[in-house]
Amino acid sequence: MFNSTMDIDPHLRVRERMNQRKQSRSIYHSINDKKKTISRPNPSINIAIMTQTSQMKVVIVGGSIAGLTLAHCLSRYGIDYIILERRHDIAPQVGASTWDENGRLLSETDAPILTGKRLGYTITFLERETLLEILYRHLPDKSKVLTGKYVRSIEQDSKEAVVICEDGSRYSGDVIAGADGIHSTIRSEMRRQIAKEGTTKDLEALKRDEIALSAEYSCLFGISKPIPGLEIGHTHRSSGKGASTLLFGGVDGKLYWFLFTKNEERTFGDGIPRYKKGDETNHVAKYMHHHVSGNILLSEVWKNRIVANFVTIEEMENEHWNWNRVACLGDSIHKMTPNLGQGANCAIESAAEMANSLAKALRDDGSKPAIEDINSALSLYHQKRNVRANLIVKAANKFTRVEALATTGDWVASMFIIPRLGDILADRGAKVQVGATKLDCLPMPKRALEGTMPWSTNSGIGKEENRKRRAQLALPLILIALWFFWKKTPEPKGFPVTKTFSEVKLDMLSSIANAIPFATIWTIESYRRGNALTVANIFPTAFLLLAQKLGIELVAPIYFFFHYVQSPQENFAALDNRLTNIAFAKILPLAILSIFLGPSYCIWSSIELESAQWIYDNAWYWYPVYLTMFLRILKFIVKDTTRLNRIYKPTADLSYLRISYSISILICAAFYLYGSLSSSTSIAFLTQELQPPIQPIQAILGAFSELWAAKQTSLYGAAFYWTFLHFADLKFVGKSKQSWLLILTIXLSSTFLAGPGVGLIVMWAWREEIMAKKHVVPE
């Protein structure tokens, strides 16, 4: 992932080295995001030859990553272009950039490797200068790149747009693309024209845009010579109050480092400071004792520096991206802090989207597009990119503040939450990249679909499901719980019927059988990676205890509600997020047998009512606590391979989960059949509910047996409604192709054959199998 472009002192410019690199290097080497479409020219793909008769010409202002990428994209569509670069070098050294493919995002996490397995592209680290050289070298026509062109102003009318340079030269085209960075002349000129021609609504948005540029943080970044203890391929982050560091060990042994610090105050627009040469020395003196990794201090990194620069980190979101024939891209329109490393990736996406949109304005008859067509195309570009880009800007800026411990909440997150969520950065990074823009004229690269999180335009940041909508769909579950609460009555007292000892034991066994499906499923969900920090992950034991105390019919619908709202399929877009903890998965079958069959056998073999009652009250009533303790203790004696399996075998837990589901199904089916054979009707067994401990002298079957049956029907009705909601999710994202007729048939047939508990487990096990398969969304 690329850090945002930063200006550097002219003395740090390096000479143009376009022809000094080996020609075999591929542009794909520089891009970790699988959807990026700029690649080394492929002989199998013909690039349209641009001539003086091209339908459209784009004047690209700025030879930045955004500008050069846009040139590549336009060439694929046969759209003519010219690039005007202010500097005399296309590739000055203005900062370090991406990640090494063997890097570790934190010293104890292998998140970059996981990201590579998910996306199909490993994370690559290289200097921004190198990427610019590669982009330049592979341009079909380098004569279209003009350096030393400082743009002064622009003009546009219904026929063309004109760029006027400081040296008096003029360049006309159908579109002007502003890729000239944070201090964009094109953006300023565009705003000037909006102020003249805009509506009241446009002017209101313009006022907000004019105060959008701000800076609250600064960055001292540079390159240093190798230091013992900082290995090649490793990445180190450190956080402190008001300051954080990021350091990469490059493949050449050099260290690429960043020191992010909070300014004394937030400044806006023209008030943002511009540091001069020498300011970095005074600034770094305050942080010499800051640890960058283990016992290594920033002072040692600074002492070994090769080059360094000190800049203010601007932040900016804009409402206006285009006006008539003018549009901006890259840092000129969406500027973020570099901690998340998404600045250049965002610029590349904007370039691809702008080219896609402009291509839609091309006419079949070869004539030039009208101003209305150009305006519509650029508006489409804004519409498709604005939301996603601004969400990434917000995420990056927030991440900077978390690392700088800006607030108490940021301190808590950085110190206690993030360290316990080793893959949170991999999740954020993959979420940002998986749904990124694709250049429509090129086929999807095979690698983009080979990872465990295949590319999809329906996934990623900005494409999340609406939680309010999910809550509305799950609202009937809360209504069922409220109905049970309002209708809850004391132990029935009317027309008591004394039961035999065998009937009492049957009541106890049916109570155990009724809990097995919920205990099994809820426990599995609590160990699922994609459910991290959800109610299902944090409170499974509490829900099971409340079910024992208040009744499963009251508690289960509440659990179902929270689980459905907090566990959409987007949480499991990566196959490894379906994975459960391997150590837990291995011991769960034994836990089910011990916790459920143990008390059941003791109750069934009891010869005295008092003994059965004691077992029920103690060994069974507190089973959620025993189950949790059993799993937590035995986890330490079983080898946990989750960290490796999440990368190399995300279905490693599946065989163990199948055993657990099968055992639960067999136990529930056996209890169901035993109840059917031991009572005059199987309905009596089906309608048992989890009750408070039965009195040792007699068991009561009150006059409200019909109400109990209704409760059980509603309980499993809620359970199956919850299950069908999740199957609807699977069908919506395309993971399940089965018809609703088949889904309902399996649920009903398994329920009638072996009871509702079996039906519920069968459906959940089926869902497990579907989620374990990789799904590729067709283009």
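Yeah, the Cβs are placed from backbone N, Cα and C, and that goes for glycine too.
Here's what Swiss-Prot has on this protein:
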BINDING   Glu85, Arg128, Asp331, Ala344  FAD binding site
TRANSMEM  471-491  transmembrane segment
TRANSMEM  504-524  transmembrane segment
TRANSMEM  542-562  transmembrane segment
TRANSMEM  587-607  transmembrane segment
TRANSMEM  618-638  transmembrane segment
TRANSMEM  665-685  transmembrane segment
TRANSMEM  742-762  transmembrane segment
Contact set, same chain, for the transmembrane segment (618-638): CB under 8 Å, 6 or more residues outside the stretch: 508, 511-512, 515, 519, 523, 540-541, 544-545, 548, 581, 583-584, 586-588, 590-591, 594-596, 598-599, 602-603, 693
Least Cβ-crowded entry, counting other Cβ within 10 Å, from the binding-site residues listed as Glu85, Asp331: Glu85
Contact set, same chain, for the transmembrane segment (587-607): CB under 8 Å, 6 or more residues outside the stretch: 505, 508-509, 512, 515-516, 519-520, 523-524, 615-616, 619-620, 623, 626-627, 630-631, 634-635, 638, 656-657, 659-660, 663-664, 667, 671
Same-chain residues near the transmembrane segment (742-762), Cβ under 8 Å, at least 6 residues beyond its ends: 513-514, 516-517, 520-521, 661, 664-665, 668-669, 671-673, 685-686, 712, 716, 719-720, 723-724, 727
Local backbone state of Glu85 (FAD binding site), from DSSP in three classes: strand
Surrounding CB atoms that lie within 10 Å of the CB of Ala344 (FAD binding site), all protein chains: 27
Where the record names Glu85, Arg128, Asp331, Ala344 as binding FAD, the maximum Cα to Cα distance in Å: 17
Neighbouring C-beta atoms (10 Å sphere around the C-beta of Arg128 (FAD binding site)): 25
DSSP-derived class (H/G/I helix, E/B strand, else coil) of Asp331 (FAD binding site): helix
